[in-house]
Amino acid sequence: MVKVGVNGFGRIGRLVTRAAFSCDKVDIVAINDPFIDLNYMVYMFQYDSTHGKFNGTVKAENGKLVINGKPITIFQERDPANIKWGDAGAEYVVESTGVFTTMEKAGAHLKGGAKRVIISAPSADAPMFVMGVNHEKYDNSLKIVSNASCTTNCLAPLAKVIHDNFGIVEGLMTTVHAITATQKTVDGPSGKLWRDGRGAAQNIIPASTGAAKAVGKVIPELNGKLTGMAFRVPTPNVSVVDLTCRLEKPAKYDDIKKVVKQAAEGPLKGILGYTEDQVVSCDFNSNSHSSTFDAGAGIALNDNFVKLISWYDNEYGYSNRVVDLMAYMASKE
């Protein structure tokens, strides 16, 4: 079991911790968050408005966070370079503050004794890995990696299956995306991106996303062939990708369904899901897949031009992939 520290006990930090407790390959030994004290950590970990109460025990004892009887060391450092990960036995660090996303900034964790850092966000310069798509390209000379974004983790497995079978000439992605913590509850100031500052609960907000372009980094053959945007909508969790693409080889919609289903039951099992049910977003809350293809929602204009729909729990599915990536990396030590 690889010993892991978590930096930033926000949505992803807490859910990575939850996911780790239902996985036997990753052992959370330390958590750092300068803004949340120990007793507050107990409360925030135990109660979750989106995913429900933690199914286990959590308490504070002797200055440690104790989850299911397992004591976890707590740090409250603002500067990553000052966190003594080594003293706590943490070999890997999940960088989930959303702040230290470059090689240089995330690299500060190595100073405190961590051996590797996994950034739980897209990174401008760290190599990005998406489980089921390019994780096998990881080699253990890499000390800092990124698990890309939740949307890239939804789009890339689907794009891979379609491209491998039919070839994608070009495509546009739209993600209809749930609210996240960076948004505002009511209208407020938002730096350069004025629309992002509008009230999250009362608007559909067009927003940028690098998720589609990032697919070109994890599937090099698709580089320059995909781009996309987002609509932020007033739901607390679960998002949906619409991939509209031109196919190289003509395909009936039933052919597409067939290959996606095969991938979901085979090589991409647990990562890509497949459903023919009449589902809506709530049906995917706390779903651990990166992406679930909605066979009944897609449409084809003709044999070369299709719109494909895939759901994802942007919090929990993604957090499970962070854990999977760490387990995979540990298997290569």
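Quick reminder: no glycine exception, Cβ is built from N, Cα and C everywhere.
Record check of CYS245, CYS282 in Swiss-Prot: the feature S-(2-succinyl)cysteine is attached to CYS245.
The annotation in Swiss-Prot ties SER149, CYS150, THR151, THR180, THR209, GLY210 to D-glyceraldehyde 3-phosphate, and of the candidates under consideration, ARG116, ARG232, ARG246, the one tied to the same site is ARG232.
Segment annotation: Swiss-Prot labels motif '[IL]-x-C-x-x-[DE] motif' over residues 243-248 (candidates 21-26, 63-68, 243-248, 255-260). With respect to their backbone Cα atoms, SER149 (phosphoserine) and SER120 (phosphoserine) stand 7 Å from each other. Nonlocal intrachain contacts for the motif '[IL]-x-C-x-x-[DE] motif' (243-248), taken as residues 6+ away from its ends with a CB within less than 8 angstroms of a stretch CB, comprise 155, 158-159, 162, 166-174, 226, 303-310.
Counting every protein chain shown, 24 other Cβ atoms lie within 10 Å of the Cβ of ARG232 (D-glyceraldehyde 3-phosphate binding site). The record assigns SER149, CYS150, THR151, THR180, THR209, GLY210, ARG232 to the D-glyceraldehyde 3-phosphate binding site, and the maximum Cα to Cα distance across that set is 16 Å. Reduced to three states, the DSSP call for SER120 (phosphoserine) is coil.
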